[in-house]
Amino acid sequence: MPFANSSEERPSFVLAAMPGLEVAQAWLAMLLCSAYLVALMGNGAVLLAVRLEPALHAPMYLLLCMLAAIDLALSSCTVPRALCSHWFGAREIGFGACLVQMFLIHALSAVESTVLLAMALDRYVAICHPLRHAAILTNTVTARIGLVAVARGVLFFLPLPLLLVPLPFCGPRALSHSFCLHQDVMNLACASTTPSVVYGLAAILLVMGLDAVLICLSYVLILRAVLRLGGWKERLKVFGTCVAHICVVLAFYVPLIGLSVVHRFGRDLAPPVHITMGNIYILVPAVLNPIIYGVRTKQIQRRILSLI
């Protein structure tokens, strides 16, 4: 495929495909489409269940709704374009569209990280200060947390695409994922990318890194409070209220760390590894989150079953 020369002001990029597996592209796309449909139905069901059940209009479930909405937005801004690439061979993506998709992926990931931190705070207050839980985490406070999460994601990650706009891109512009990521696009520039590298690393550490540390700290405090309880049955019962959140945190941070490791140390890995890790990062949280909370939360189970 011919590429434009370096004098082009708005270059286009080529989304990744699995080399040597062109015949299986349709089947790979079917797997991707199936996971996307599961994510749509699962997160949509959670949103609808909380919307229709007045008993679920509480901070914990409102945060869960935010998580479901973020997962829907994150998967919807990436998977349809990837399906067009696999099914119809439409692998070229414009410069502007690539930067917009990049911003949405990173900003929504930051918003999700903030919501997970807020959910950890909810569990900490509910277990360590149960009498003050209703006064501290009201629905109004929860709504403000959502606004802060969105503002935080936008402010920290809006500079990422802006730093790439003046850079020249010459030579091959093939991406290693089926969507646009900052690290991936930045590596294709034929000029110094030091500002982008420094700012991107700082943004990741100040948002996802700081959130991960605070989540771990909250669970250290929760574990200390649980161990002070009388018997093991009571301890397991109280800590069991955190299992769903712990699983959701792992479903978000493990693929994020895996993708970062692949970008940092796996440049010589086969292209299918990069494509697979990218799809796991986008779809695994969106698919698993509603399943985890649907299994662990009886109120959501009952409402979804009644809807069905």
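The backbone N, Cα and C atoms fix where each Cβ goes, glycine too.
Copied from TrEMBL, the annotated features are:
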type	residues	note
DOMAIN	42-293	domain 'G-protein coupled receptors family 1 profile'
TRANSMEM	26-49	transmembrane segment
TRANSMEM	61-83	transmembrane segment
TRANSMEM	103-121	transmembrane segment
TRANSMEM	141-164	transmembrane segment
TRANSMEM	197-226	transmembrane segment
TRANSMEM	238-261	transmembrane segment
TRANSMEM	273-295	transmembrane segment
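Contact between the transmembrane segment (26-49) and the transmembrane segment (273-295) is supported by 3 or more Cβ pairs under 8 Å, counting only residues 6 or more apart in sequence. The transmembrane segment (197-226) makes no contact with the transmembrane segment (273-295): fewer than 3 of their CB pairs lie within 8 A, with pairs spaced 6 or more apart in sequence. Same-chain residues lying 6+ beyond the ends of the transmembrane segment (141-164) with a Cβ under 8 Å from its Cβ atoms: 59, 62-63, 66, 99-100, 102-103, 106-111, 114-115, 118, 182, 185-186, 189, 195-196, 199-200, 203, 206-207.
Cβ atoms under 8 Å from those of the transmembrane segment (273-295) belong to residues 16-18, 32, 35-36, 38-39, 42-43, 45-46, 64, 67-68, 71-72, 74-75, 78-79, 82, 105, 112, 176-179, 181, 244, 247-248, 251-252, 255-256, 258-259, 262, 266, 301, 304 of the same chain, restricted to positions at least 6 beyond its ends. Within the chain carrying the transmembrane segment (61-83), a Cβ under 8 angstroms from the stretch's Cβ atoms is held by residues 15, 29, 32-33, 36, 39-40, 43-44, 46-47, 50-51, 93, 101, 104-105, 108-109, 111-112, 115-116, 118-119, 122, 139, 142-143, 145-146, 149, 178-179, 248, 279, 282-283, 285-286, 289-290, 293, 300, all 6 or more beyond its ends.
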